[in-house]
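Student: Could you have a look at this structure, given as structure tokens, before my questions?
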Amino acid sequence: MSERKLFTSESVSEGHPDKIADQISDAILDAILAEDPEAHVAAETCVYTGSVHVFGEISTTAYIDINRVVRDTIAEIGYTEAEYGFSAESVGVHPSLVEQSGDIAQGVNEALESREGDTDDLSHIGAGDQGLMFGFAINETPELMPLPISLSHQLVRRLAELRKSGEISYLRPDAKSQVTVEYDEHDKPVRVDTVVISTQHDPEATNNQIRQDVIEKVIKAVIPADYLDDDTKFFINPTGRFVIGGPQGDSGLTGRKIIVDTYGGYSRHGGGAFSGKDATKVDRSASYAARYIAKNLVAAGLATKAEVQLAYAIGVAQPVSVRVDTFGTSTVPEAVLEAAVRQVFDLRPAGIIQMLDLKRPIYKQTAAYGHMGRTDIDLPWERLNKVDALVEAVKTVL
């Protein structure tokens, strides 16, 4: 009897309370970066029935209308009706942003290496905090992501498309998905075992109508037929009713969906959230760099699965550690891959910012449906432009 292994990941829609908060934080970040690319931003958002609180620390020369940014973001998501208990024009907006701590700023603005005489421009910026970050890639999907999180993202994105186009007129913005994939003894995905979808809806929509529409127009439109069989289980709005949703149903906070943002639990996570943070915060920029490295390693054929860990000390430019784990799938020793990575990628914060062009207002688009593995938008850390350099670097190390 072959061994049956299951793995589950989830995603949430742009209308989920925590994702509303993430999108508002990143919309504020983008608005500031559009005027001041050198800004330091840490913007947190809390949403609940009828209210939005924005708080955190910034250092910038920009002036932005936070009230307008918040309302426009909420409207774009789809909260435009008073009956939702949270609507763009009636919500109360309460900003409370203060200047970044001078103690932190002195280590970011001039790294330890620079203070000790290193004149390299890329050694000037220190990491905005200590911490560890992970990046991951696997050859399960064309975008080199784990299949469970890839399908979960596609399901909630499909729900949003059907809602915004009006094809399913009773849908409301809040939704969640969860996909359980069965793997064979070689860790290859063979079928989808279970799909869970909970979607907010107008009160007149019936459970039978929702179930039929979601299975036919969402699940079967997203999941390849080869992965579905008579034993695949569908749980559609299993509570029986989901009219009250969004911030009226649950409060939301920036940074509470870090597993949804990354690899669906398939890879380790350092614990730092992304949204609302400029690229001097290595929680964000180094996580993107680690994904960039892992994806190019797998695309280069140097491994079929790769997890990259980076770690930093606050106010220090160089990472304190770089680790590559290929789970026994690499074509060369992992120490060789680590040496090649250090040759090809400048992993100082300023090096990452330059390499990935991270001073641009590109972040709001990442705040829903995942920061990694996106095929619908052009993100620099998803590009496969380091494959040849890695292959050549491996040869020089060997």
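Glycine is no exception: its Cβ is also placed from the backbone N, Cα and C atoms.
Predicted, not measured: the structure shown is a model, and the values here were computed from it.
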Student: Of the ranges 100-110, 177-187, 276-286, which one does Swiss-Prot flag as region 'Flexible loop'?
Tutor: 100-110
Student: Looking at Swiss-Prot, Gln100, Asp250, Lys281 are annotated for L-methionine. Which of Glu57, Glu140, Glu143, Glu216 sits in that same site?
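Tutor: Same L-methionine site in Swiss-Prot: Glu57.
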Student: Tell me whether Ala175 (ATP binding site) sits in a helix, a strand or coil according to DSSP.
Tutor: strand
Student: Could you tell me which of these binding-site residues, His16, Arg241, Lys277, Lys281, has the fewest other Cβ atoms within 10 Å of its Cβ?
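Tutor: Lowest Cβ count within 10 Å among the binding-site residues (His16, Arg241, Lys277, Lys281) is Arg241.
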Student: Please give the average pLDDT for the region 'Flexible loop' (100-110) in this predicted model.
Tutor: 72
